[in-house]
């Protein structure tokens, strides 16, 4: 029988004293008042706070900090001066060791809760859930996207406040390389110098929408892209357009001021709404790509990985935002893959679903006789094919398709898939993909997740015949897999986000 929550007497604007028990999935601190979960941003585990309720529901409430009555021993002073307003980081006021503990706890809580405490109980989690892999906590981002706004006669560029479109005018950011701060500073000055109009999202007028910066840590080079509110055009039309030709001058000035900038492009996005980049990008000056090298320092891994693999990235390419930590993630994936294909090495058939530019597929290609990478985004596929060629791979085949369309056909035609790698977006694996897995049953699965909740949901489906409380999962039951390893990885220090890698065997 479902538990009935007792009615509470809490009302909006009430001041209450609370103690933070744990961190919640969205990054807020969690307290309990009259049995009701209360979520508080910028709180830290162990804080004793006076808070003001601003959103009260039947099942939960949200509150803001009015006073820190007794700070947690885990609370620290945020390094960034913008922390209190900026929505980019949530946990800069928490020491890094506690960030790691809280992220591990988020993974544990998700697995226990979404399995009803049955599939992943404490005893089993003690066996399969491994310690989190820590990161260098500062200046790690290889990509930044800065929206522009014009307010009170000033051009602003930076990050939005939490859950708003109010812009924080960033001077520096503690989780991105300092050279990106220099680019942002230079671009602001150039926008003023060349009198560029700034996009107004309410009126859908103005030219400059976003600044997109991508950096190679290995090469120390950057690709800068201006996103403009303009219809797409080809280069021959751009060359004749006096209005947009100003970006040629801006590119020349910017590349002269910041030597790490290796290329400048224009991206055209005429659509209203929150989508950052449009479908068309035009190179203005220099290169339209950068190259990142991912290289392991582990001597027990193959020489090709110690030498390093090169990845060509355009402004639109999907790539992990933390290059240094991406190597640690790939090392874990490689360890699990080697375990999965042991005994069929060099003859294995491996499929990488949601492949992006082929990062995982290329990293694992030496383990496979035949490797397939499935990716829906055509530009990412082009980058992936270029990356395969760049690294001299002949056994890697890219399939430009939705995963749910390509995987079913691939599994049907090649029933003995040794390893399927799933690296889905935050929403998790599509139901049709799960159905194809059920029908054709690859021997092993590696699941790379950026969302503990959808990871737990999908692992539950892949493991369990009956759902929580015994409800029938219908077509999504009897998959026959068992999770044998779960490894969290911190790719996003100072935020609540956590990456997790799981290995499943067919039983």
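A Cβ is built for glycine as well, from the same backbone N, Cα and C atoms used for every other residue.
Note that this is a predicted model, so its numbers are computed, not measured.
For 450, the entry in TrEMBL reads active site, nucleophile. Look at residue 450 (active site, nucleophile): DSSP puts it in coil.
Residue environment of residue 450 (active site, nucleophile) contains 18 other Cβ atoms, counted within 10 Å of its Cβ in all protein chains. The annotation active site is assigned in TrEMBL to 450.
Residues annotated as S-adenosyl-L-methionine binding site in TrEMBL: 320, 354, 375, 423. Annotation for residue 375 (S-adenosyl-L-methionine binding site): same-chain Cβ neighbours under 8 Å, separated by at least 6 residues, are 354, 355, 356, 357, 358, 381, 384, 398, 399, 400, 401.
Under the heading domain 'TRAM', TrEMBL lists 9-67. Look at the domain 'TRAM' (9-67): DSSP puts its residues at 0 helix, 33 strand, 26 coil.
In the three-state DSSP assignment, the secondary structure recorded for residue 423 (S-adenosyl-L-methionine binding site) is coil. The residues near the S-adenosyl-L-methionine site, meaning same-chain residues not in 320, 354, 375, 423 whose C-beta sits within 8 angstroms of the mean position of the site's C-beta atoms, are 318, 352, 355, 356, 359, 360, 424, 448, in sequence order.
Secondary structure from DSSP puts residue 375 (S-adenosyl-L-methionine binding site) in a beta strand. Binding of S-adenosyl-L-methionine is attributed in the record to 320, 354, 375, 423, and the widest Cα separation among these residues amounts to 16 Å. It is 11 Å from the Cα atom of residue 320 (S-adenosyl-L-methionine binding site) to that of residue 450 (active site, nucleophile).
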